[in-house]
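Visitor: First the structure, which I've put down as structure tokens, then a few questions once you've had a look.
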């Protein structure tokens, strides 16, 4: 048995190492199971079988334990669970061996020395263009070993020396991930195949010069620079490095200010002898949703607007048909290629604009908001995201020479800051005039006067500056000379702050003009580039348009395969160029070099001109000189304008004719090869299978049935994957599988597993289903039987969402997919727990922080320790202009003290949460009262809480269950005679106990609260310990199935239970309403229980809030009542605990509550033998021997061995903190206590909600849910709970989350927020159901005066929900209007008046 490792790093190393055992898809053992824990003869025996033989066919029986609903609902709660260990476990482990073999091969491949073709691509530097050999090396990357997930965790993965990035080693470090850029030949926004081939001609001549190295400055220049740097201040040296000055410049003054664009960028202005510089440190991009809500979107060809739910998250604007199903988007817009977001001019001038548009490099999207305010907020949010994506770094740098400033003037924009505008002219050939706005919260006038003085002096020195002569500089001279610069860079491209260190869109002025609009380009440049783009392509681009694919790739849908053919695409007009390429240069049709080189231009962003291409690719010696090239560009621009204004049909014909004339041979080869590719793609798509990808996203060499050409072209798989789902380049593809997704009907498609995402894309023609599921939202993966014969199922359990079902053709493919997802779940959880970022993200963040920190230190040294501060140093957000800095937080707390009644029935576990809540309400100044059974009165009053009695002893119901069995014939016979009187007493006593209340909070088990609140016209809340609200995420707690059944089944369990439960009590409740409450008879439609605000007192970390919960359903956290401070543990118990620690034995707690079993002695013997077999020490709470159903079954007690210590009672919060694992029945309170302590939990459920919480414990991976209780299974569960490091870590982390929650405080705030909504519902119901005998407020005029307001309020609130509820509310409002004249005179003044 391998030793257990405590350190998190070593744990993950063991889990992710190449030689690890494959993960099981059910429960994973940390090491081999001891021989003594193998299955014994009693593996199928259950010693908790019920008395009287009332069990089910599986020996599975349910008991009334803590809730009153057992008598009504237990017939629907009969459920079963998989055995934790059965005969199929060994076979499952065998099926996991192929991935292990693959991992070993990967490890061997990693240790081998890399070949020239497998060398990793080095980082692109602006001063070191890539050689052709390096460019060719892109397609042949070294595959990653099986421990690739652990690579970012290894120390020393990157080194930085002298501000430059060193190339990582091939064997031990991950290749540097490029910044967000266009996928190469696979971008969905690329031109058609023929057009891309023609466009590629422009790049072949320039590619030959890529291997030229930059010229180093002369030695004399270096010596002069070193002398200058010696005498310069640290701040001057730092600014020289950051902004690329030729020599250090003395810093005259600095100010804290904000650059005003479409948002405020807080930073610093540095005024040197020759430049004005601005620097702002930006945070990393957020991964949370920035904004979400409903919008209307116009179709691509249909002018009709359709309503969708939009979510702006990261760089992507996604939209959904159903807001509760956020893993299946209807589409997305990649804002990395966004140009602008702006409001549209309204058709009517007197109306405010509700329409806005988002322009990307290929398409304009049109939207409509519900209001002009909403439209403005969306536009601001989109502008901010587009700005961030253009930056894609962690800092903003601007510098321009003082001599280029034309003028400076004050430009007041906001009242709380002084703003002035600087107009500067760009040095170079365009002389574009740029405007910069700077806002100062302090010292604005001083800054204005100082800069204005410098400008005046500069103009006096250079009087002829206003009429500059055109001149040309090379890219290198421009990069080092005086020029206006707008550089949006990250820390990795820091030395000269130069352009495009990794081809990012945000470039310095050496490539782009600094005068940029929201697109980041100057208007003149943008107009010219758009016109050229208009000529170049008439492709009808779509969100998932055709992409250049590999000939044998199986990732194609049928519709995409047809779109691949160039015959079905519009030809593009070739722009007129002076030079042409030789035939042999362009002859390599099937080489990826052509497509990739073409796309290098596209990756630079929209509006890139031939001049920009020449800057990016330095011209070779054989090219024309710069002036000749400029004339060619001017000529081409003029001719393009003529073509654009000329005959449109001629463009298609000319383009096609020219192509057929010059490339007829390539055309024939293209059609012949692609037609064969279609057949291969379709056959491969339906053949299915699986593929794994290495670090460079090439197919691993040991994958079966892989075409050799696919291996060579494998690096494109990741690009296509990211293009399909608009994912960043950091998302690396790991594996793909072909499978069916079961929703309504099985949908064939492809599963993609990446580092952080689980994605699915349908491949059937006419379907557009896509799924993007973050792995952090996946709780577990389980293997199931397929829905269809011959198929193998896989269930993905998701946090707060219904399960997803996949079907595979082969069991080994299903098992491989399950193991792969499990492995990635472990790595994702470790990364999130340790707070580690992706390697590139971490490097960029640290580099930018280091640069910012060094600048701060230099400023501090220059100012003698005193530096000006920005209003918000290192602000976490970019602030929109004119927006309030933070919305005011409304205080919902009532001004007066409220009389709050909490109504509940049941056992001690049902009352304890209300005591904790009432103690919190007491602290808030309210007057709470608990109405429950009389036996709990001393306990309640001990905490200073008022008490009111409620009839109906639950012990009577327990006696019926014990003596007759659950839902047997004798049970139904006796219950029909005794239970009716029990309900009548409960309803009448509850009505009396709830008088003099301003607010009623009730457990649904009491059955009377909603009617009492209706009669008293007071707000009504519900609170419970188990799910009671309809959802597709979880089944009803009393109807947990043996297997996962999906969202439809989950939802129908609530509907069925509500109807069955109401039918059982409807007759008695309606008679009570009429006789005592003076209300009309009601039904479920009139009560609308699903509209009632609900408080669930369990942790959102245990039961994640479902996505389809409405706003008034709150999961607040556990309402724990801490009583350990008043309890002193016995000395013998403390001695037993200390002795176990001294012996090095694990300590467990076992207690199943007051359950009833047919043979208590057999259960005791099972516990004793299991403890001894697992070799643990046990604290036992043996409640099952104290309350036997049949006195004749009393037998002699089994003596307890010294390994077991029996206790009668102990506070859970103290006891569970002393143990290593807990085994209990799974009640809501006990489960919460064990999970809060952070110990693994074993649940053996007996009744009702215990099955639900047992399932949650197992799904979360923090414990085990046992189907049967015997020595074989129980001993194995005890051993695993105390030895499984994976389970122990998960339980510890979950305990930390639960302890950080404050459920009582959250519940109180939820009550305050929903109080007005609850009042509205109460008034609405009371108006509809009132009779002349109803108790109402004391004045008739008050009731009549509020009639109109009540009807209005009901319309406002009831429209929140589905259509069925709206129709119901309309019928209710109609009856309310007809019953207005029948409002009764008040008969009682005991009820409080409503808050007006």
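Placed from the backbone N, Cα and C atoms, the Cβ positions cover glycine too.
The following feature annotations were taken from Swiss-Prot:
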type: BINDING; residues: 907, 908, 910, 1210, 1212, 1225, 1229, 1230, 1249, 1250; note: UDP-alpha-D-glucose binding site
type: COMPBIAS; residues: 1-16; note: compositional bias 'Basic and acidic residues'
type: COMPBIAS; residues: 18-28; note: compositional bias 'Polar residues'
type: COMPBIAS; residues: 35-44; note: compositional bias 'Basic and acidic residues'
type: COMPBIAS; residues: 82-108; note: compositional bias 'Basic and acidic residues'
type: COMPBIAS; residues: 156-175; note: compositional bias 'Polar residues'
type: COMPBIAS; residues: 459-479; note: compositional bias 'Polar residues'
type: COMPBIAS; residues: 487-497; note: compositional bias 'Polar residues'
type: COMPBIAS; residues: 585-595; note: compositional bias 'Basic and acidic residues'
type: COMPBIAS; residues: 846-862; note: compositional bias 'Basic and acidic residues'
type: DOMAIN; residues: 237-288; note: domain 'GRAM 1'
type: DOMAIN; residues: 289-387; note: domain 'PH'
type: DOMAIN; residues: 719-785; note: domain 'GRAM 2'
type: REGION; residues: 1-59; note: region 'Disordered'
type: REGION; residues: 82-193; note: region 'Disordered'
type: REGION; residues: 206-233; note: region 'Disordered'
type: REGION; residues: 459-531; note: region 'Disordered'
type: REGION; residues: 576-635; note: region 'Disordered'
type: REGION; residues: 841-880; note: region 'Disordered'
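Surface or core, plus neighbours and distances: that's what I need for these features.
Guide: DSSP places the residues of the domain 'GRAM 2' (719-785) in helix, strand and coil in these numbers: 10 helix, 38 strand, 19 coil.
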Visitor: Name, in the order they occur in the sequence, the residues of the same chain whose CB lies under 8 A from the CB of residue 1212 (UDP-alpha-D-glucose binding site) and which sit 6 or more residues away.
Guide: 1229, 1230, 1233, 1234
Visitor: Take the Cβ of residue 910 (UDP-alpha-D-glucose binding site) and count every other Cβ within 10 Å, whichever protein chain it belongs to.
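Guide: That number is 25.
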Visitor: If you count Cβ atoms within 10 Å of each one, which of the binding-site residues 907, 1229, 1249 comes out on top?
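Guide: Selected residue: 1249.
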Visitor: Considering every residue in the domain 'PH' (289-387), what is the mean pLDDT value?
Guide: 85
Visitor: What three-state secondary structure does DSSP assign to residue 1249 (UDP-alpha-D-glucose binding site)?
Guide: helix
Visitor: According to DSSP, does residue 907 (UDP-alpha-D-glucose binding site) sit in a helix, a strand, or coil?
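Guide: In the DSSP reduction, residue 907 (UDP-alpha-D-glucose binding site) maps to coil.
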